[in-house]
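Asks: Can you read through this structure? Questions will come right after.
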Amino acid sequence: MLSPANDPAGVRGEPLVSLEDVGVLRNGRWLVRGVDFSVSRGEIVTLIGPNGSGKSTSAKAAIGVLKPDEGRVERKPGLKVGYVPQKLSIDWTLPLTVRRLMTLTGPLPERDMHAALEAAGIAHMLGAEVQHLSGGEFQRALMARAIARKPDLLVLDEPVQGVDFAGEIALYDLIKSIRNLSGCGILLISHDLHVVMAETDTVICLNGHVCCRGTPEAVSRSPEYVRLFGSRAAQTLAVYSHHHDHTHLPDGRVRHADGSVTDHCRPDDGHHAHAPHEHPHDHDHDHDHDHAHDAHAHDGQHAHDHAHEHAHSRSGEGRHA
Amino acid sequence: MLDDFFVRAILAGVGLALTTGPLGCFIIWRRMAYFGDTIAHSALLGVALSLLFEVNLTLAVFAVAALVSVLLLFLQKRQALSADALLGILSHATLAIGLVMVAFMSWVRIDLIAFLFGDILAVSTTDIALIWGGGLFVLAAIAWLWRPLLAATVNAELAEAEGLKPERARLFFMLLMAVVIAIAMKIVGIMLITSLLIIPAAAARRFSVTPEIMAVLASLIGAAAVVGGLFGSLTYDTPSGPSIVVAALILFILSLLPRRHRTVMQGQGS
């Protein structure tokens, strides 16, 4: 999925950050395990998944805020990260204007500061205290701060929370233009998929481990899929919200659909009804779409082995189509 | 001039207040008021140990305060108890152990009140040198740690992700607290140190638009409280340490009075 064929900028090289079989253990419980993905220059990777599925944990492991308890995280030496955390509350006793927020982690040329605030659409808020901003304005300010420092890797944890729908689209446009203009890699965490889809290079679905991954961009070229993603609601979600076939038990072990219990959640241990696979979005669309849909929707019974095989066999050539 | 006890007291007090200003800002931004109290209370254990082993008082107090800070950091990481409960346990346990140890040492007669509430009128020229030397060191260290400390105050993970070292900054900050408490004990005493950290910073909040301005204002307000409190104690013959705290409180209340309404600059947009 990192093949140059679906590289919009054409500058994608070695990964900025890559995770290999990463697991994070906290209080005897694996928050995530067996996570591997990478983000390259100019690439947008989106992590999705239900609450508690380890999206933020994986992102924090990627940028070194959390040390993985197993597996490896490799970052390009001297990697400059811009980070918008999921939760950020600033005590009102701390006097902080938007201007001061911009230089929080490092000095900044005045011109870059203004350009970033302009891009985020809050240039007029420069002198405002951050405690007086609305949720959406604050989110934009955080985004402006992260991009102003011209990072190699931008990590956005639920960047559109508290933003209304129009603002949401504007923010995703902003994310797209940041990628296109600066060529930085973007690791995006999101639970609302519909808008993200069009610009994301790789979607990684997490549920304690990598459930599946796909490249919605190649798919979006097909008129049927554009219609699907464009109509944004139920159908789009149906593509990515599959039934998880296993339950994470309170003690950190995992009960699988076949009733067996293992102490970790490896996708390739044979317990999972679906082996790790790419969502076959990027194959040729010369076959019946309803049929392919079954494969995406994961109807829970996983009675569509043949659809999977089909997808696998085609995905290789589909990427370069 | 330094012969006059009153001048010495003012010099010592102002030197301390200038130091506690920026430190106090971080204490309230990070909601560490109770932490400051705990470290201060542990100072009495330091006093007892210094008497027992006949070592330098300031050094012993610093050592115990630093030890308790590091212990707190460690225990908080273990997450066995809430930070609040841990602070409560350590705060009063160290104070009580200190008092018990002092009671056992029947061969020393010490003025407990002087340690609990300070005796700024008794500071020597050596004390002043220690306060100003230590204070300048603390201020220089705070300036050096300013960016990571401030960024970590907003969000530690953000600071970490963007290449600052919030954990290290936090540890240094706690050690600086221990230094300040060791040098402040003589002036306002164990029970009142935290007030000199918190009240001037709180009073500075409403007049500040940036963290830096607030830090400087907190220092100045603290210095004003020292001068006002000392003159008050001279005039009304009240204990000097508590008088300084009362003066700081008066400045804080004044800061709360409604001001002429000033529109916040938000540019043309709104």
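Placed from the backbone N, Cα and C atoms, the Cβ positions cover glycine too.
Straight from TrEMBL, here's the annotation block:
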- B:6-29: transmembrane segment (TRANSMEM)
- B:41-74: transmembrane segment (TRANSMEM)
- B:86-108: transmembrane segment (TRANSMEM)
- B:120-146: transmembrane segment (TRANSMEM)
- B:171-201: transmembrane segment (TRANSMEM)
- B:213-234: transmembrane segment (TRANSMEM)
- B:240-257: transmembrane segment (TRANSMEM)
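Let's see these features in context: how buried, what's close, how far.
Replies: With a cut-off of 8 Å between Cβ atoms, the residues of this chain six or more beyond the transmembrane segment (B:6-29) that come close are 35-36, 120-121, 123-125, 127-128, 131-132, 134-135, 138-139, 142, 149, 153, 173, 176-177, 180, 183-184, 187-188, 194, 196-202, 204-205, 211, 214-223, 225-227, 229-230, 234, 240, 244.
Listed by sequence, the residues of this chain that lie at least six past the ends of the transmembrane segment (B:41-74) yet keep a Cβ under 8 A from its Cβ atoms are 35, 83, 86-87, 90-92, 94-95, 97-99, 101-102, 105, 108, 110, 115-116, 130, 170-171, 174-175, 177-179, 181-183, 185, 190, 193.
Beyond the transmembrane segment (B:171-201), the same-chain residues lying 6 or more positions past its ends with a Cβ under 8 Å from any Cβ of the stretch are 12-13, 16-17, 19-21, 23-28, 33, 35-37, 39-41, 43-44, 46-47, 58-59, 61-62, 65-66, 69-70, 72-73, 95, 114-120, 122-123, 127, 130-131, 134-135, 137-138, 141-142, 145, 149, 214, 218-219, 221-222, 225, 241-242, 244-245, 248-249, 251-252.
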